Amino acid sequence: VCASRCQKFLISRVGEDWIFLILLGLLMALVSWVMDYAIAFCQEAQKWMYGGLDSNMLLQYIAWVTYPVVLITFSAGFTQILAPQAVGSGIPEMKTILRGVVLKEYLTFKTFVAKVIGLTCALGSGMPLGKEGPFVHVASLCAALLSKFMAAVFGGIYMNELRNTEMLSAACAVGVGCCFAAPIGGVLFSIEVTSTFFAVRNYWRGFFAATFSAFIFRVLAVWNQEEETITALFKTRFRLDFPFDLQELPAFAILGIACGFGGALFVYLNRLIVECMRKQKTINKFLLRKRLVYPALVTLLVSTLTFPPGFGQFMAGQLTQHESLVALFDNRTWCRQGVAEEFDYISHHHAWKHPQVNVFITLILFIIMKFWMSAVATTMPVPCGAFMPVFLIGAAFGRLVGEIMATMFPDGIHADGSVYPIVPGGYAVVGAAALSGAVTHTVSTAVIVFELTGQISHILPVMIAVILANAVAQALQPSLYDSIIRIKKLPYLPELGMGHHEKYNIRVEDIMVRDVRYITLNSSYRDLQEMLLTGQLKTLALVESRDSMILLGSIERLQLQSLLALQLGRQRRLEYLRQLAQDNGTHDHLPSMTSDSTPSSPCAHTHINASTSGRLHDSIRGETYTNFFFKCTKWSFPSHSLEVFSVSSPFSSQIAEWEEQQLDEPVDFKNCKIDPAPFQLVEQTSLHKTHTIFSLLGLDHAYVTSMGRLVGVVSLKEVRFLHLLMSDRECFLPMIIKLHPLSPYSLSVPHVMLPLAVLSFLFHAAYWLCSCVRPSRAR
């Protein structure tokens, strides 16, 4: 009694959401700190092994290569055995889950264990992989598991499905917030990458949980004597009085545009690698049989190229990602007038200095090598993300531009009689935000770099570069997460993007399927049976009659199966047989009806799923439905009742006649659950509005009506397919859609793509001829 009173008092005073968010933030901070500690330990172990064998270069190479290969192979094998759903980033799956789609085994305890251990081993290997994307998945797993635990302890609101979805949305913000100690940027980034539409009521949940988690994460670093106080992860020391000159803004703009092209190229290269491996059937079959070979080969290649005495000496191969970022964000100039300056050997700057190669060559090699290495490494079947490698590549590219600017203006830029030297570290910050924003199609990376560096002195150039990079990248490629969604074929509706003017001209009547499956109020059970056997739709439209076609609602498939099972079920069958037995004097051989076997509604019957539909079809071809209902119903039958229901019984012909009579009777919809207001669209609804409604409400399909009459249906499949067509940006797309008299989507994809390809070829040929004729006329 005392415990229940304390529980009620705590919930009434503090509230369920506050308790949940505090526990979530605390748990994620602990997980993040423990993982960072384990990752740092693994990386230091590799350096210790490498440094201890400095007398023998061959042993150094073996230790440098074998260590990451073992960790990556263990990560891939452990993940594959325990939970294959933990492979990859997790953000594409979370986007799909937050849309309302249920993905099996993605939010289970096994997936949590596989994700945490696999990610720790993958990052501890030193491969160019990231933590942020997988940590969003880890935070969502923690939220889902914590919800189940709280539901078991407290019950009540913790069992509400809508509330659990809201907590998942807040957990995505926690994942980014405690990963970078950036609560504000974490909330904004999670909204941009996981939500098409965001409910403002979840705003405070995300900020509260992310702030608490980031605070605990940095307090743990102070407690472990890693930091003296709570500071930024990559603290910079840019001057605040004059961080940059107005004349440098064009350089920042060019940097942003270049990062936009680089981000689009990274997404394209990543998708190209995956598609090439899938198209090569021989390679694909081999990798499916030997799942550990591919990650081991990729790790071996990358480790060999980054071996410090080998090629790695030209690209700072001995530095970790954290050490590289600390050096790239430094405000000191590495090169002036083409001559490398003396570095502070106490820090990590010496790794960028080579006696035979200047800093520019080192940075260029670092950017090129890390670019394709990251694109290849992120395709390995291990828990990994791509944000941090891309962030590092952008910082290196920005540093290169900054060093070039420092070389072009060795004395700095003169303004108002004063000389202000170029700060290459500022360009590194801008490049990191721009390239990561271009790859993920987000603007919140600008806020993340402010929180990561602890300074907002470069807020204007960062925003300019990020916006320009997004504009270029969105015009060329989808985001990395949308690209993965396409590769995995997840049921998610991507954004239409910029520049698609056709979305306002295409109407629902152009893309809807006009051959709609429906039932009427006058339908018989035989019509119901044929409808269930010939189609696999989850819901069917209910109309008034075939003539009026007035839409009355929709009925789920399971409800219709229950109606059919009730009409030909055991209760009605036994009543009919008992009547026959009374007429023939064999009443004693009939099974008795018990109260437990009498269903009260169609919902009490066993639902006929897809696996039993085939048995129903087989029984239709026979004489009776008796054997089918023995297999598909959950009621137990006495042994002697089987003789009564068997086809060889003396009542088999009467049962067959009775079944035919029952199938010809009209359907009784009184005990059936009918959705009286299924979502409807009018014929003139634009594609833009349709896309917005499907994304906002998470619809699977919508009926198209005209003056209340059912004229068609449009589903998520049609809208997604049209989005793929629009991605080709052909101006004649509406004409292609209207070529089909009913709908292009009632045909297969090749029927639509063939005229599209032909018209595309003719269009480009005409454009090429026109471009050739115009110069001759000018002459």
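Any Cβ shown, glycine's included, is placed from N, Cα and C.
Caution: TrEMBL annotation is automatic and unverified by curators.
Since the structure is predicted, the reported quantities are computational estimates derived from the model, not experimental observations.
Per TrEMBL, compositional bias 'Low complexity' is recorded for 591-602.
Among the features that TrEMBL reports, region 'Disordered' is placed at 585-609.
What TrEMBL records for 18-40 (among others) is transmembrane segment. Away from its own ends, the transmembrane segment (18-40) comes close to residues 10-11, 116, 119-120, 123-124, 131, 135, 138-139, 142-143, 146-147, 150, 158, 167, 170-171, 174-175, 178-179, 205, 208-217, 220-221, 224 of its chain (Cβ-Cβ under 8 Å, at least six residues beyond either end).
Summarising the annotation, TrEMBL assigns transmembrane segment to 61-83 (among others).
Under the heading transmembrane segment, TrEMBL lists 135-155 (among others).
Residues or ranges marked as transmembrane segment by TrEMBL: 167-191 (among others).
Feature annotation from TrEMBL assigns transmembrane segment to 203-223 (among others). Packing against the transmembrane segment (203-223) from elsewhere in the chain are residues 17-18, 21-22, 24-26, 28-30, 32-33, 166-167, 169-174, 176-178, 181-184, 186-187, 190-191, 229-231: each is 6 or more residues past its ends and has a CB under 8 Å from a CB in it.
Feature annotation from TrEMBL assigns transmembrane segment to 249-271 (among others).
The transmembrane segment annotation in TrEMBL covers 292-311 (among others).
Summarising the annotation, TrEMBL assigns transmembrane segment to 357-378 (among others).
If you look up TrEMBL, you'll see 390-409 (among others) marked as transmembrane segment.
TrEMBL lists 752-770 (among others) with the feature transmembrane segment.
Among residues of the same chain six or more beyond the transmembrane segment (292-311), those with a C-beta under 8 A of the stretch's C-beta atoms are 50, 57, 60-61, 64-65, 68-69, 72-73, 75-77, 125-128, 286, 317-318, 369, 373, 376-377, 379-382.
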